[in-house]
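Let me begin by presenting the structure, written as structure tokens, before commenting on it.
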Amino acid sequence: MTTPRKFKQQPVPPWNRAVLKVGSSLLAGNDGGLSTQYVLGLAQFISACHAAGREIVLVSSGAVAAGRMLLEGHSDEDTSSAARQAMAALGQTQTIALWQRLFDRPLAQVLLTHDDMRNRRRYLNARATLQELLSHGVLPVVNENDTVAVDELTLGDNDNLAAIVAALVDADLLLIATDIDGLYTGNPRTDPDAEPINEVDEITSEIMHMASGAGSSVGTGGMRTKLEAAQKASAAGIETILFNGRDSEVSRLLSQDLLCGTRLRSTSSRLQARKYWLRHTPSVPGYIRVDAGAARALIEEGASLLPKGVLEAGGEFQRGDMVEIINDDNSQCIARGITQYGAAEINMIHGCHTRDIEERLGYSYGDSIVHRDDLATTDPLDAMTTGVEFS
Ligand SMILES: Nc1ncnc2c1ncn2[C@@H]1O[C@H](COP(=O)(O)OP(=O)(O)O)[C@@H](O)[C@H]1O
Ligand SMILES: N[C@@H](CCC(=O)OP(=O)(O)O)C(=O)O
């Protein structure tokens, strides 16, 4: 079925870093297995973004669809998790190989699970890896680690994973490429009266009810998981754009910042969302005591906390925990943040220059003890507006 292009052309919000999610429906050819037919336009879009100095993280499905052809003796009736996991393991190499054929620079494969994203230490490690790859101009290609993530495989949750990755890398935009022009009031494959929706300000339950399941034998989750993803992105202050990845004209327009599809706005700004999240994440019983210079830098300049300004760590927290940062004068909490180093590590590197971290510990998780992006100062005015009290 082809749906008439009835979506209007509209501008894309300004962005520098985006997550692009490409569904199985775009990678799987009509005869099964993978095909570059529908993703050539997307690859050109990615290259155009790179040429313009923009960063992309690609979240690509397609492993199960690719592996289905390769699993010898497999019958189509066998849809057990183990069979799908075996297909995913076989097909993942094909997916990466397909993308690699479309670019003349190296790609990086990143396999993640939702559990990894819930575990703060792994979350930080994944973030550091992705940041490092992006800083070197590499295109990361993310998929679920289907070998270990059975639940996600049955739910087909790469849409939701893409939203989590967008928050993880602090993306400006989540782009979801699929096999349909955008969100309609109903599934146009079954509802001939379905009307296109160009813009969504808030994903209400009414909007959610418009979405139903997958449109092809290879897609999973359908529009429902895309709207869930957009909800997650919105909560993180990130807009989502849904568009037809099969239409190379739409991909070409996108590289000119024009959209033919659905724009799902976010209900909060990135800063508000981040501050809210930081304020509502419970802290562990532990603290980092800082000197007056560091306290001033955090509060007045919005700086990261470096080892030089740290006097001591108290308690037994680990890397990735939310801890309080207290001042030396009266032990008042001046900020809260996610620490890159555990208490024992901080007590080995406090007062030292960042370049000496590696020598003291034998390794380094980076220059800052708490990065500015992971830190919310306990400004009394902010606390009043969010209703959260500190210390
Ligand atoms: N309200 C809706 N608007 C548009 N598409 C819908 C809607 N409800 C369900 N769908 C279905 O969602 C499908 C896209 O999801 P899916 O098949 O999972 O693709 P992908 O592999 O890209 O994730 C469409 O082909 C369409 O059949
Ligand atoms: N990880 C699975 C994909 C799961 C998934 O979400 O698929 P899709 O709905 O096509 O994006 C795979 O690579 O086949």
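Cβ atoms here come from the backbone N, Cα and C positions, even for glycine.
According to TrEMBL, the protein has these features:
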- LYS21, THR178, ASP179, THR220, GLY221, GLY222, MET223, ARG224, THR225, LYS226: ATP binding site (BINDING)
- SER61, ASP146, ASN158: substrate binding site (BINDING)
- 286-370: domain 'PUA' (DOMAIN)
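Under DSSP, MET223 (ATP binding site) is assigned to a helix (H, G or I) in the three-state scheme. Ligand 2 lies under 6 Å from the Cβ of none of the binding-site residues LYS21, ASP179, MET223. Listed in sequence order, the binding-site residues near THR225 (ATP binding site) (C-alpha within 10 Å of its C-alpha) are ASN158, out of SER61, ASP146, ASN158. Neighbour count (other Cβ atoms within 10 Å of the Cβ, all protein chains): 21 for ASP179 (ATP binding site). Among the binding-site residues LYS21, ASP146, ASN158, ASP179, MET223, THR225, the residues whose Cβ sits under 6 Å from any atom of ligand 1 are ASP179, MET223. Separation of the C-alpha atoms of GLY221 (ATP binding site) and ASN158 (substrate binding site): 9 Å, rounded to the nearest whole number. Proximity to SER61 (substrate binding site), defined by a C-alpha to C-alpha distance within 10 angstroms, is shown by the following binding-site residues from LYS21, ASP179, MET223: LYS21. Residues of the domain 'PUA' (286-370) grouped by DSSP class, helix first, strand second and coil last, total 28 helix, 25 strand, 32 coil.
For ASP146 (substrate binding site), the nearest of the binding-site residues by C-alpha distance turns out to be LYS21; the candidates were LYS21, ASP179, MET223. A Cα-Cα distance of 8 Å separates ASN158 (substrate binding site) from LYS21 (ATP binding site). Across the domain 'PUA' (286-370), the model assigns an average pLDDT of 95.
Of all residue pairs in SER61, ASP146, ASN158, the annotated binders of substrate, the farthest apart have Cα atoms separated by 11 Å. Remark: of the binding-site residues SER61, ASN158, THR225, the most isolated position is THR225 (fewest other Cβ atoms within 10 Å of its Cβ). GLY221 (ATP binding site) has a Cβ environment of 21 other Cβ atoms inside 10 Å.
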